[in-house]
Amino acid sequence: MKGRRRRRREYCKFTLLLALYTLLLLLVPSVLDSGSEQDKGGRDCPGLQRSLGVWSLEAAAAGEREQGAEVRFQAEGNPDRSPRPQGNLSAIRESVTQEKQHIYVHATWRTGSSFLGELFNQHPDVFYLYEPMWHLWQALYPGNAESLQGALRDMLRSLFRCDFSVLRLYAQPGDPAERAPDSANLTTAMLFRWRTNKVICSPPLCPAAPRARADVGLVEDKACESTCPPVPLRALEAECRKYPVVVIKDVRLLDLGVLVPLLRDPGLNLKVVQLFRDPRAVHNSRLKSRHGLLRESIQVLRTRQRGDRFQRVLLAHGVGARPGGQSRALPSAPRADFFLTSALEVICEAWLRDLLFTRGAPTWLRRRYLRLRYEDLVWQPQVQLRRLLRFSGLRTLAALDAFAFNMTRGSAYGADRPFHLSARDAREAVHAWRERLSQEQVRQVEAACDPAMRLLAYPRSGDERDVKTVRKGETPLETNANWAT
């Protein structure tokens, strides 16, 4: 009897072990498959361009996003009309729109972006920064423009939140005036072009300034330097937080798609103004200021897209040599002209990529994007200024209207100081390339930039539209520039 009970217990144990073993055999392949998929996902992370190309993340929530965007659009178009309640999501969006507005002016070198940025700098409701990413490019030279795009985006995120501590990472160890006397904190003197910043060069940061912040007019850099002692960046951060609109202008971001994570951030409330200019006029202006743009052009040429083609050229001239290698001085013309021309090819490719990118963008993103041509801005400064202010949520000012008009009706093109902002002759600025570029130079630019030129409605030299343009003395306005655009 006892033997029978013992055998029964052993049989039950054996059955239980067999069941557990079978279950384990079933679970092991599933666990292994799950682990391999995770490893594969970690090794094969989709790139930004592939992730954004079909806008799949937006499509998943298209209905609710588009509905909220429509409500916001209707409210902006008719302030007296109360939008229909849309639940918690609508409340979140409403709170975001009441927060700060952030604007990024997306441009490239010699497109007139300093003038466009100055319109924001003059507005009393705007806190404006001029090319803060200059510090990053200088600190990491000779770098790769493409590989620096992520760092530029992260810097933008911090600066838009009025956190300037990121600038310490790229500060040059030099002038003691750039540091506060009581600490290691940086001061406003380290900022690129700080002497023309309206916030830095007016009260309360500069009590002795001759102009109030609300007065519209260019800041004299020498006068600001003599009357406005540097203040810690913490004080500038405090001023930044007071303004309803923060605008940053820069020329070193080559891919609009890099900004999509910031545009998606509901707490950032970011919009982008992208400025274009006739590539032939850009090339003419770049040649005039070739020595000031040579380092920047080399950074552009070191991108992976053209690395194989141009790396041998750069190394042959000893420019941007690999660590440990011998590096010579920057080349002089005509080799400098070659670098500038080649960099323009990369820039035109970036323009084309951005134009196609925005064409396939969802409605919510297109409403946060404004496309503007320099030629339209200087021929119709007041019309384009009102369009710009409406997009940015800023009030119109008669003094700013007059400022924009007078800045485009100067007496000269300003060739003596190409990096100095002053009133220019709009006609001369638009058409100077026709007299200063050779036929071969024009042909090279048009060959490299033709796809982008066609999308931006710039006629090739010699065709029927171009002949009419020369006869009338102005560039035809872009006909499809009003998709919010």
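Placed from the backbone N, Cα and C atoms, the Cβ positions cover glycine too.
The topological domain 'Cytoplasmic' feature in Swiss-Prot is assigned to 1-12; the stated evidence is sequence analysis.
According to Swiss-Prot, the feature transmembrane segment maps to 13-33, an assignment based on sequence analysis.
For 109-115, 277-285, the entry in Swiss-Prot reads 3'-phosphoadenylyl sulfate binding site. Sequence-distant neighbours of S113 (3'-phosphoadenylyl sulfate binding site) (same chain, 6+ residues apart, CB-CB distance under 8 A): V105, A107, K249, V251, L275.
Cβ-based neighbour count (10 Å, all protein chains) for S461 (phosphoserine) stands at 18. Per Swiss-Prot, phosphoserine is recorded for S461, and the stated evidence type is similarity to another entry.
In the three-state DSSP classification, W109 (3'-phosphoadenylyl sulfate binding site) falls within coil.
The two recorded residues, W109 (3'-phosphoadenylyl sulfate binding site) and S461 (phosphoserine), have Cα atoms 22 Å apart. Its Cβ taken as reference, N284 (3'-phosphoadenylyl sulfate binding site) is surrounded by 22 other Cβ atoms within 10 Å in the chains shown. Each residue contributes its Cα atom, and for T111 (3'-phosphoadenylyl sulfate binding site) and S461 (phosphoserine) those atoms are 19 Å apart.
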